[in-house]
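So that you can see what the record holds, here are the features copied from TrEMBL:
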type    : residues                       : note
BINDING : 12, 26, 29, 35                 : [4Fe-4S] cluster 1 binding site
BINDING : 66, 67, 68, 69, 70, 71, 72, 73 : ATP binding site
BINDING : 239, 242                       : [4Fe-4S] cluster 2 binding site
DOMAIN  : 58-229                         : domain 'AAA+ ATPase'
REGION  : 1-23                           : region 'Disordered'
């Protein structure tokens, strides 16, 4: 739970709960008087600070997935690369997967460190117009485990949003961990004053992945986070020689296409499996630049174009209201 303090007892109802400070599990807690007074229900002042800090960021896009291993961080990285291919756009990628930060490796930035200036933390730059921030830059080794409870993770996410000197940005891509846990609640709460454009949800074709994606969709609906659309990753394998498509992960229940039709959501596209994507990620290079004519790269480009059009329409709608 995102609003449970570090020093709270096991069955803490949460500082935002109506029962905060009033139930038996609160007895003996050092925060009981404060919670019972109602002071903890006041809005976190960091929300306004973050809203002011990110006022110079035009578009904010969250990348979500219900299950791990579906290619969410890979998609986030390639979305950032694709948007930054336009040299007139300023793009940043924020990795809030605190326990599994893979973005530094995918972006070819392993071993880089964050520097602090008078205006805050400086993100690490891949290109002149593409910057990255991740907890991976704060670890002494990529093999170090981050063993933190929810409140400490939330504090780090708050610091990333409030204390990083992002500057003027056209796009901020936020790569989240899988699921619907503390990190997701925190990022949505902290960005609530910044007009988030929406979320892109990543899945694979098989039902075991779609089942968790439906939970992710319910999460977005409950917290009123707009859904830009769904991307079906690992959608078949196109043989590089004969060009025939094989279904490695068969869409037994109709895949993302049927799910989107049932839930009235946009299907942004289907990205086929390509071993060269995994290789380029391991080597820290952009697959879109390496093999731009491949079926997967072309699918990515169509998806990115749809996201750009959504953000452009969203910006127009906001400017007229």
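FYI, residue positions are counted from 1 along the chain as it appears here.
Yeah, the Cβs are placed from backbone N, Cα and C, and that goes for glycine too.
Just so you know, TrEMBL annotations are computer predictions that nobody has curated.
Comparing the binding-site residues 67, 72 on other C-beta atoms within 10 angstroms of each C-beta gives the minimum for 67. The CA atom of residue 69 (ATP binding site) is located 22 Å away from the CA atom of residue 239 ([4Fe-4S] cluster 2 binding site). Using a 10 Å Cβ-Cβ cutoff, residue 73 (ATP binding site) registers 28 neighbours. Neighbour counts of Cβ atoms within 10 Å were compared for the binding-site residues 69, 71, and the top value is held by 71. Counting only same-chain residues at least 6 apart in sequence, those with a Cβ under 8 Å from the Cβ of residue 35 ([4Fe-4S] cluster 1 binding site) are 15, 20, 21, 22, 26, 29. When the Cα of residue 239 ([4Fe-4S] cluster 2 binding site) is compared against those of the binding-site residues 12, 66, 68, the shortest separation belongs to 68. The record gives 66, 67, 68, 69, 70, 71, 72, 73 for ATP. Within 8 Å of the mean position of their Cβ atoms, the other Cβ atoms in that chain belong to 65, 178, 202, 204, 209, 233. Cβ contacts within 10 Å of residue 29 ([4Fe-4S] cluster 1 binding site), excluding its own Cβ and spanning all protein chains shown: 17. Excluding 12, 26, 29, 35 themselves, the residues of that chain whose CB lies within 8 A of the CB mean position for the [4Fe-4S] cluster 1 site are, in sequence, 8, 9, 13, 15, 20, 21, 23, 25, 31, 32. Within 10 Å of the Cβ of residue 70 (ATP binding site) there are 24 other Cβ atoms, across all protein chains.
Around the Cβ of residue 239 ([4Fe-4S] cluster 2 binding site), 9 further Cβ atoms fall within 10 Å across all displayed protein chains. Taking CA atoms as the reference points, residue 242 ([4Fe-4S] cluster 2 binding site) and residue 71 (ATP binding site) are 25 Å apart. Within 10 Å of the Cβ of residue 68 (ATP binding site) there are 13 other Cβ atoms, across all protein chains. The Cβ of residue 66 (ATP binding site) lies under 8 Å from the Cβ of 178, 179, 180, 201, 203, 209, 211, 212, 213, 214, 215, 216, each of these being in the same chain and 6 or more residues away along the sequence. Taking the C-alpha positions, the distance from residue 73 (ATP binding site) to residue 12 ([4Fe-4S] cluster 1 binding site) comes to 33 Å.
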